[in-house]
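According to TrEMBL, the transmembrane segment annotation covers 26-47, 59-78, 98-118, 139-158, 197-216, 237-260, 272-292. Annotation source TrEMBL lists domain 'G-protein coupled receptors family 1 profile' at 41-290.
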């Protein structure tokens, strides 16, 4: 593989979710609504955490970071998709595609790592409650988030650079609504074996390590909850991690469902439609899960809405 792009292409074509012209206004309205709900909902979570001093804890620090990443995650793909539908132009520049790919990998992987960090936070809170404030110091919380950013930035940078080394032929149509790395690599004329190895190795390492960390944390949490004698104590302990567990289940179930459906159908269009679940739906539902199942967030949001009304 040469570190150069022999075919000086300037653009790709994003085919989107449907080629039917009559469906474009419906798709535009639906995705615009979901995008606005996602941004507004996650901004409310960030605002609630920043304004309410009682939420200045590690758990909500990680939650506000997750909300920020979810906004960035959807903003990486949906605005460009809406622009293409509005202007009836499916073009994305070569540079724009590489940049979009970089940020998509960055925020998707960062989502997984933050969910793992949040699982560790719940593990310490429930399994080692007396040492929680000693272990989860602000410095450690900051370092965990910083380490997550650095690891994901290096991974996405490596994969984006490797794609930029590929040579592309005349077939430049991407059967997706964004520059999904696997779809772009399949368009290359040059050898992509190294790209495939790195891509699947990174996905296996990050997803595997994240899921292993979450499962280990919750196995210890369940073990600790079972040792609590009172039913009220068990409920209180479980309620502190119920929202996070719901978000983790939603994220991994949708991702797993996407790739199982794709492997079963072998259809690029099915892949594009299914990926809507974890790229748009999951970030949109996260604020609802945390606000509906968490009394502290609900109290903070009521205070904010009360201040706005005044």
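The backbone N, Cα and C atoms fix where each Cβ goes, glycine too.
Curation plays no part in TrEMBL annotations; they are all automatic predictions.
Over the domain 'G-protein coupled receptors family 1 profile' (41-290) the predicted model carries a mean pLDDT of 89.
Long-range Cβ contacts of the transmembrane segment (197-216) within its own chain (Cβ-Cβ under 8 Å, at least 6 residues beyond either end) map to 109, 112-113, 115-116, 119-120, 152, 155, 158-159, 162, 181-182, 185, 248, 252, 255. Residues 59, 62-63, 65-66, 69-70, 72-73, 76-77, 80, 92, 144-145, 148-149, 151-153, 155-157, 159-160, 163-164, 178-181, 184, 206-207, 209-210, 213-214, 244, 247-248, 251 of the same chain, all 6+ positions outside the transmembrane segment (98-118), place their C-beta atoms under 8 angstroms from a C-beta of that stretch. Here the transmembrane segment (139-158) has Cβ contacts under 8 Å with residues 58, 61-62, 65, 101-103, 105-107, 109-110, 113-114, 117, 120, 198, 202, 206 of the same chain, all six or more residues outside its ends.
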